[in-house]
């Protein structure tokens, strides 16, 4: 990469190097060009990613009230309050874990099954792939509102069909029932984000040499054994990566939950991000809200440490 | 490898099936089973989309009846008309388009430069920079949006186009850079080398040779950054509070908060909002799939 030295256009013969020559040299210098073409991104990142994160970590040590411009230094008392005095924090952690792990588990299983089906070539494969690809591009607000409509206790299709087919006698208020709301959210979230797993699995499945399957068939392996001994081991790396990435994303998910339930009914779907939002905009305790966000950030750092330690992602960025 | 030892119940069932059912029947069963699975997949994934499309053209009376109609009996476009006469939908749409186009321009320009830099130049600190790009890919939106709300408030960027465009760029850039980075690696460097031999400067070779060859990647990045801004809820919800500045997602949430929820209106707004996604999938499928497969992570 970049090994060949570029031949500069015109050689100036003798004498002092003019300003023009120096500029020309600079424009052939890789370090200068490298930083130069990265500078827009670096500036943007400093302003829109690094600065907000530092702001959040710093702000978590202050009492910040939305209506008072003065930040009051309170040390670790925001964290102390969250961990030891505020009963809601740990319940929100548990809710986050249920939503995160639950939806990732569904996404991985469903995603791999869909990928195994779509991987085979059949008539109408392009159409089927297009239908399956769609949810990933449909905006989350649309997903949230459509599922809210389908789960409506009075007119929702789930209730109407289930009653018509005699599965239930009485309409269920999926999003209004404390015991069910979380599972309803997991269903809606999995509908949209399973597609991520489908796409990653399809890419991985195509990389398995078909000779493996032929050899297994010759040895008398049946379909289940071929899946267990060839497909699954080959998908293992992808599955771990997906569980890690999607796990972090679902654990920190805010939009679908806020759109569908606002954390309710009565806190039953208040995960950490929803709780952080509520503390900020219902109680106007911005410092404490930043402390919640900072604990989320720590989970991200742990995840990243595993990601970089185990997967060497910058090596993965390569042409296959 | 031999398959004789330690059989699970499912394997014993498979063995029984393989040994006792005639081969032709097995083939027929597996063909039909497969067709059933494809059909079930398409129905499960396509059903919410179908419900949305159907509800958008149903009159209110039919929508709130207690029987589910698979085909609407009295299709109508009154819901769509209502969007423009009864709500600020047109204003939300305009705001969304401005935000999405702004995000697209910023992300494409800076991601293209960064992708080129990361593949073509060697300089100290490159590995660390590359890692931080990948790390920021994992950032969840709310983590940035909360502090951004406070910073934007102090900088007077709340309820402004630049404010929301910057926030959406923060969300879109990591993946865009990743994509351009991978894309420039599919463009062989030898074309630029021959341009150098003919006297082109490095910058000129980049502008006239490498960037045109990476055009499919640039199109994919444009689509993705547009889509990220178009569908973002979290940033818009915090950073846009004025009715006249709201983008589609939060504008639509307002419909739900009204006294009597008009689901026909909401479903037709959903169709209008999902429309770009349908069109993209239909017309630009090859670019999208290429983007997904090159980007690897979707």
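From the backbone N, Cα and C atoms, a Cβ is placed for every residue, glycine too.
Because TrEMBL annotations are produced automatically, they should be read as predictions rather than curated entries.
The model shown is predicted, which means the values in this text are computed figures rather than measured ones.
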According to TrEMBL, transmembrane segment applies to one of these ranges: A:235-252, A:253-270, A:271-288. Which one is it?
A:235-252
Segment proximity, the transmembrane segment (A:41-67) to the transmembrane segment (A:180-203), 3 or more C-beta pairs under 8 Å
no
The answer for the transmembrane segment (A:87-118), taking Cβ pairs under 8 Å and residues 6+ beyond its ends, is 125, 128-129, 132, 182-183, 185-187, 189-190, 193-198, 200-202, 205, 227, 231, 235, 239, 242-243, 246-247, 250-253, 257, 267-275, 292
So if I exclude everything within five residues of the ends of the transmembrane segment (A:130-151), which remaining residues of that chain have a CB under 8 angstroms from its CBs? That is, six or more out.
114, 118, 157-159, 174-175, 184, 187-188, 191-196, 198-199, 255-256, 259-260
So which residues does the transmembrane segment (A:235-252) touch in its own chain, when a touch means Cβ under 8 Å and the partner is 6 or more beyond its ends?
96-97, 99-101, 103-104, 107-108, 111-112, 189, 193, 196-197, 200-201, 204-205, 271-273, 296, 299-300, 303, 306-307, 310-311
